[in-house]
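Straight from TrEMBL, the features:
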- ASP157: active site, charge relay system (ACT_SITE)
- HIS230: active site, charge relay system (ACT_SITE)
- SER563: active site, charge relay system (ACT_SITE)
- 36-122: domain 'Inhibitor I9' (DOMAIN)
- 149-604: domain 'Peptidase S8/S53' (DOMAIN)
- 388-478: domain 'PA' (DOMAIN)
- 678-776: domain 'Subtilisin-like protease fibronectin type-III' (DOMAIN)
Amino acid sequence: MKMADQNQVKWLVLILTNCLFFSIAFSAKTQFAHKTYIVQMDKSAKPESFTNHLDWYSSKVNSIVFKPENEEDGGHDQERVIYTYQNAFHGVAARLSEEEAERLQEQDGVLAIFPDTKYQLHTTRSPLFLGLEPHDSTTNVWSQRVTDHDVIVGVLDTGVWPESQSFNDTGMSPVPAHWKGACETGRGFSKHNCNKKIVGARIFYQGYEAATGKINEQTEFKSPRDQDGHGTHTAATVAGSPVRGANLLGYAHGTARGMAPGARIAAYKVCWVGGCFSSDILSAVDKAVADGVNVLSISLGGGVSAYYRDSLSIAAFGAMEMGVFVSCSAGNGGPDPVSLTNVSPWITTVGASTMDRDFPSTVKLGNGRTVTGVSLYKGRMMLSINKQYPVVYMGNNSTSPDPSSLCLEGTLDRRVVAGKIVICDRGISPRVQKGQVVKDAGGVGMILANTAANGEELVADCHLVPAVAVGETEAKAIKHYALTSPRATATLAFLGTRTGVRPSPVVAAFSSRGPNVVSLEILKPDVVAPGVNILAAWTGALGPSSLPTDNRKVKFNMLSGTSMSCPHVSGIAALLKARHPEWSPAAIKSALMTTAYIHDNTHKPLQDASAAEASTPYDHGAGHINPRRALDPGLVYDIEAQDYLEFLCTQRLTPMQLKVFTKDSNRSCKHSLASPGDLNYPAISVVFPERTNVSLLTLHRTVTNVGPPVSNYHAIVSPFKGAYVQVEPRTLKFTRANQKLSYKITFTTKSRQATPEFGGLVWKDGVHRVRSPIVIVWLPPL
């Protein structure tokens, strides 16, 4: 072998040895690196030798902790345990290595271990649009009653800006006696920031700090004070006090009020600059249940996983057992199918829709054509409507956006765009940030162009440069003009606020869609509610665009997202709880779902903003909420905790996985449900299996009479191409209040369909109209 070859071999061996060393070192580091794990314990398994559960939990953690020889025994487990859970969930959150977590999983009394996961936020005309605006004090939904003040809504979010007028407590009665919460203090937040409206405020950050490091208290409020704005906005949407003259830079002028202005708010700050972590969220749910909330509003979500692997789902189950209504946002993953989060049947999952209010603006092109869009721009930079400005588009107008057309940071050439209106495609970066990029490059305006992902849905933004958002079809025409005309020009005009928009509501393109792949038999989302261009209170720490360069200060801001639709439903649930304190969370959900409507203000089926066609129950669930009708639904589909457990018993869970939900109770499977579709859900989803010999399926439902004691209901069911549907009995005759009557609905296949079919079942008594959406799915043959 030549010397050169020998040297090459030596170098190769040295490199491989080093790679192996670093691989082992990295593996060891990963193996022993501490991450936060949520540990669920079987409360009933506590040995008698322990006086309380917390000592037992700590002992369990301590027993598997790896301790270097130079480390003293004392206090190590206390450093590792960052939370203990005792109400909606039993166990701890602890910092463990992977090996320690595996060892702990094998210990007696440990039900499950979940790695801490990161969740994201799902980011005033609505009361009038929902039919809640008072017209005379004797009949309106908001005529004040003392019981309205007894309901407390816990909002898990980014905190609250207590100085907002929306949290004024003038005229409110003393805090309800059942309230056990606290007003935690910190930088910028003292005891006097709580009042009879904001009755509690807490912070949860241990999981966040364990994952990201200590919070910088110089740049972030380590207190319930909200510097993001999202939490203030959602809290005010739920239960904000009426504020006259509310507006955003002159747009949407009117009275802003929450859905349940008499209800109380408890703010649980679980989200920070770097996100929201499940260990913190779980601790907030656990504490909120102990504090005495009646409703939980959670406008955030992570991915979808099996019910027994989803810590928020498990905590929500515990809250439901305690009588707490839990409302969660569906997510902003639309219009892609199967994009939902928070799909558990004991959670009310809320999608987003538009209202009949708009903020029109126009793009007047040099070829004489005028295009209508939307904008909330109000600033010093104004374009003359009598002058035309050069237009430039950096893309190629193909179906998918060109990277250079997205107006990302550092992509615009000042020499090309200075003094011009720039066309920017939506995607990748925030919409308002694109305008800032245009402004920094010397552009005088922006046309924000929808792509196929957004369709014709228009979301108004508080831009820092004159900007108009336009739909996909018009965007293509404008881009074609800019690319083919050597001297393309345009000007932008802003027309204020317009109401009475038709059609409305429309399902928002961004609203996450079904089906619910965890259980096809549970239709999700449950309902849709206003979630586009919603005006509500805002933080004093941030401008309306949320950009650091935005120095404008506003008291109200306009946001869009299922984060905004969720608190609408939470607030209506608070209203229902105030009027019907005996109703269970399932009864409240049923009232919301069975009274929802599926036609817009032109009397046509609800449209999908992402396509020029009608939406389906996989988009809008049972339909758009109708609070007035929900107060008097006639019948409700009630579900108790044992019923939900019976549903879980149909999901092929192991005894240990089921124990995650039964905890220390004596509940066990009685196998009362023949299939998951037999859960007494207000929506009906029937799934024919892959086996083509199964052509007949029967589901069962039970309704409770919450209307007049003596009433007769008749069934009307829509026809289907692929199946015959029979309801037995077709008449339900009630003789007393709260009486329960059952029926069965049988589906017989006449021709298997390649795609799901949608319809509905309605029970009518001449006054009430109790509607359940129906979905029929034929799984492809094996």
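Each residue, glycine too, has its Cβ placed from N, Cα and C.
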So HIS230 (active site, charge relay system), by the Cβ count within 10 Å over all chains shown, scores 26
Helix, strand and coil residue totals from DSSP for the domain 'Subtilisin-like protease fibronectin type-III' (678-776) stand at 1 helix, 58 strand, 40 coil
Per DSSP, the domain 'PA' (388-478) contains 24 helix, 21 strand, 46 coil
Helix, strand and coil residue totals from DSSP for the domain 'Inhibitor I9' (36-122) stand at 28 helix, 27 strand, 32 coil
Whole-number mean pLDDT, the domain 'Peptidase S8/S53' (149-604), equals 95
